[in-house]
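Notes follow once the structure below has been shown.
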Amino acid sequence: MTRIGTPLSPTATRVLLCGCGELGKEVVIELQRLGVEVIAVDRYANAPAMQVAHRSHVVNMLDGVALRAVIEAEKPHYIVPEIEAIATATLVELENEGFNVVPTARATQLTMNREGIRRLAAEELDLPTSPYHFADTFEDYAKAVADVGYPCVVKPVMSSSGKGQSLLRSDADLQKSWDYAQEGGRAGKGRVIIEGFIDFDYEITLLTVRHVGGTTYLEPVGHRQEKGDYQESWQPQAMSPKALAESQRVAKAVTDALGGRGLFGVELFVKGDQVWFSEVSPRPHDTGLVTLISQDLSQFALHARAILGLPIPVVRQFGPSASAVILPEGQSQQTSFANLGAALSEPDTAIRLFGKPEINGQRRMGVCLARDESIEAARAKATRAAQAVKVEF
């Protein structure tokens, strides 16, 4: 039976969030609604989730000693990673010492890099994936590309938001794609994955919740990426019954293997009735921001319920919905957003501004949300709203 105490008192139920971006911010808001005391940790001050947490710490989360010190001082009931770039070996140690890591320390460790999760899916679970090789040197990479064939995709094994990811169409792309992957890795230069390109009809995120009552699948989320980074998403994505059933089978297999409770973002490629596993995040997914307007319980509310052991009897989806990112480029520590009245002038629209303290280059600073009679209309409405927002540096 779940019992939640009073924040900032001896009975408080404490959650420590590792990573404080826009997704973490929404998770904190949902935990706050349930009376949970939230401690936010990230590598820079005033990160979005810190702005709505009870208190925060600035720590390099790849520094296991520093991360452990904060966790031991705060004594949280739940440790909730919101990003991949964490000292996962320390989380494994802490879990073995009795701390509760969401969903599990193993899940955060396996999904921190593409190699762990790809080998689990393809080699242990025998799930359909694109052909792939890993390489540490340019020579091995060139051989792998020759083996996989063109077109193919190269990615650092450790990166996020599409950093370092590119499509190779011929030998002319070989050197520049290698260089780009080496620049884009989260830990600097290093290992890459080379994947055969799947000529898919569309790609989806199947948001999958492991909770006290079992596993719940949300309506599939379609999305459009540029350079591996999400630009817009919509729900529900139309699929054949056979493809949907196969997507749920793949999602169940991989989330069961990772274990624990929480929401997972399972990324899949779909062509006709065929489905291929791509990646999984053991946490809310950026494409799932659409659920802030498309469902009675957003992915963030569902994650909070699952973490706390609360039931999820039903999730109601409100019909065709879409999200479109606000993605300016510039430099500022005092960004402002104008023309919001025009952006919100149509019915069934909403805006989330993330409150990121600075921008240096191109950065996702907010998202516009919309519902309408069709997916096409919802996408167009969300895009109109996003384009109406004026970003001032």
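Keep in mind that glycine also has a Cβ here, set from the backbone N, Cα and C atoms.
According to Swiss-Prot, the protein carries these features:
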BINDING   GLU22, LEU23, GLU82, ASP286, LYS356, ARG363, ARG364  N(1)-(5-phospho-beta-D-ribosyl)glycinamide binding site
BINDING   ARG114, LYS155, SER160, SER161, GLY162, LYS163, GLY164, GLN165, GLU195, GLY196, PHE197, ILE198, GLU203  ATP binding site
BINDING   GLU267, GLU279  Mg(2+) binding site
DOMAIN    119-308  domain 'ATP-grasp'
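Across the structure, GLU22 (N(1)-(5-phospho-beta-D-ribosyl)glycinamide binding site) and GLY162 (ATP binding site) are spaced 17 Å apart at their Cα atoms. On the 0 to 100 pLDDT scale, the domain 'ATP-grasp' (119-308) averages 96 in the predicted structure. All protein chains shown were included, and the count of other CB atoms within 10 Å of the CB of GLY162 (ATP binding site) stands at 15. Cβ contacts within 10 Å of ARG114 (ATP binding site), excluding its own Cβ and spanning all protein chains shown: 22. Summary: among the binding-site residues (GLU22, GLU82, GLU267, ASP286), the fewest other C-beta atoms within 10 A of the C-beta are counted at GLU267. In the three-state DSSP classification, ARG364 (N(1)-(5-phospho-beta-D-ribosyl)glycinamide binding site) falls within coil. Listed binding-site residues: GLU195, GLU279; maximum Cβ neighbour count within 10 Å falls on GLU195.
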